[in-house]
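Student: The following block contains the structure, expressed as structure tokens.
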Amino acid sequence: MSARRHQAAREVRVRRRALRALDPPPLSGLPTGTMSAAHPRSRPREAVSRVRRAAHAVPPLFALINSIGFLDLFGVSLVVPLLHHHLTTQLGASHLVAGLLGSVYGFLQLFSSPIVGRWSDVPGCRRRCLVLCLLSSATGYFIQGLASSPVGMSIARAVLGVSKHTQSLSRGLLSVSAPGERRPVLLGRFNAVSGLGFVVGPACAGLIAEQPGGFAALSFLCAALFLINAGIVYLFLPDPETGQGVQTSAKAAKHLAETALPHDAPARRDDDQVHGTETPFPDDDEEENPSQRASRGRCLHAVRFLMSCAYLLHHGAFASWLRTRHDAPPRLVGALVSLSAAAGAATSSLARVYDAGPSPEATLRVTCAAAATAMLALATGAAGLPGAAACAVVLSVSSAVGRVVLTEGQLRVAGAGGAGATLGLGQAVTSAARVLAPALGGAAQHRGGAAAPAALGAACALVATAVTPSRAPAGKVKRS
């Protein structure tokens, strides 16, 4: 409580300085009678204009984080779609061995993600952690390019399973840097920009993979992209706890935005501002006890696991289902996959509707889970390619928006001190789904045909809809 009061007092001092900076200069040259009339009306307008100018100091930091996410997924998408084919045709591995190598990555992520997340929560270590993970990932992709046997490939995948945490660490940087009211929108934009990498990457990879030694060249190119990413982080990205420059401007813009007053309400006290504005991580301990917060956090992790299983079951069998059920050629399959990925990337920013309604977080979670359930159920009986494409697009959209609202809900539960650990645990939950979903999908497809994985995914999404918390956090902050 003392730390909270100290933080509130510090925010009051910052707001007072910001308000003094917003005082307009004396309006010389006006008649005496017009000074008192012009001054009150000019002050709110001047404040709004200065707030808007200060808000433009925020995008450089977030644009940098978005570029890191884009380069990460662009590099990954160069090699991941070709990995299974390369193992079975070039390295002589069986389909079982290729599947097990894929599970090794998810299994190691299951244990390494929480550790890396907690390390990133140590003050001053977030940027250092990201640089080290990027360098280690570059090493893993370099080993992958040199591998000439399944054993060498397993070593490369093990290195990547331990160190490939760029997405979760980037989201952690964004979550602790963004103003609370803008965080869902910025997370959506990050997912959208990162998702563009998966739209562009496979098309570029197809051109290079046709050449001799194409997979090795793609692996080396991916390693080079991760080295570039590490250089960008080290040279240009400030640490949220210790950095100055861009981060300081972002904090200043946040305080200016919080202290901007409406034209018809210029006279609110500092104490009211402290309790009436939204902070980056709302503190609702006074209205929700720790056991309730822990229970809600477990529910959100369960929803993440079930929805990850549902999406992975569908995506893992989507290509074979299209070719078996609809006799689609490979080029058309690739076009449909790119179409659904582009739709998800383009609509991630739809999470900005978050601000509408009394309980937008819970409403969006339930809506996304219900939409995924319906689309997976319809996909099992789609009569033609247009229906299959429509189901895939809607499913991709629900996945993109659902990831944002789930991440936001988990960050609200964790608070500022546990953002990295929470995101790391969420990554571990997703990794557990990556380990389990291929085995379940293979067994379902072996017994029930190409549409069975989608039906099993619909069942997982239905359970997720049932267990999704039906209300927003009890201590939802008041908006000024």
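Backbone N, Cα and C define each Cβ position, glycine as well.
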Student: In TrEMBL, which of 129-147, 300-318 is labelled transmembrane segment?
Tutor: 129-147
Student: When you get a sec, could you say which of 96-117, 184-205, 382-403 is annotated transmembrane segment by TrEMBL?
Tutor: 96-117
Student: Taking pairs 6 or more apart in sequence, does the count of Cβ pairs under 8 Å between the transmembrane segment (215-237) and the transmembrane segment (96-117) hit 3 or more?
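Tutor: Between the transmembrane segment (96-117) and the transmembrane segment (215-237), which are separate recorded stretches, there is no contact, as judged by 3 or more close Cβ pairs.
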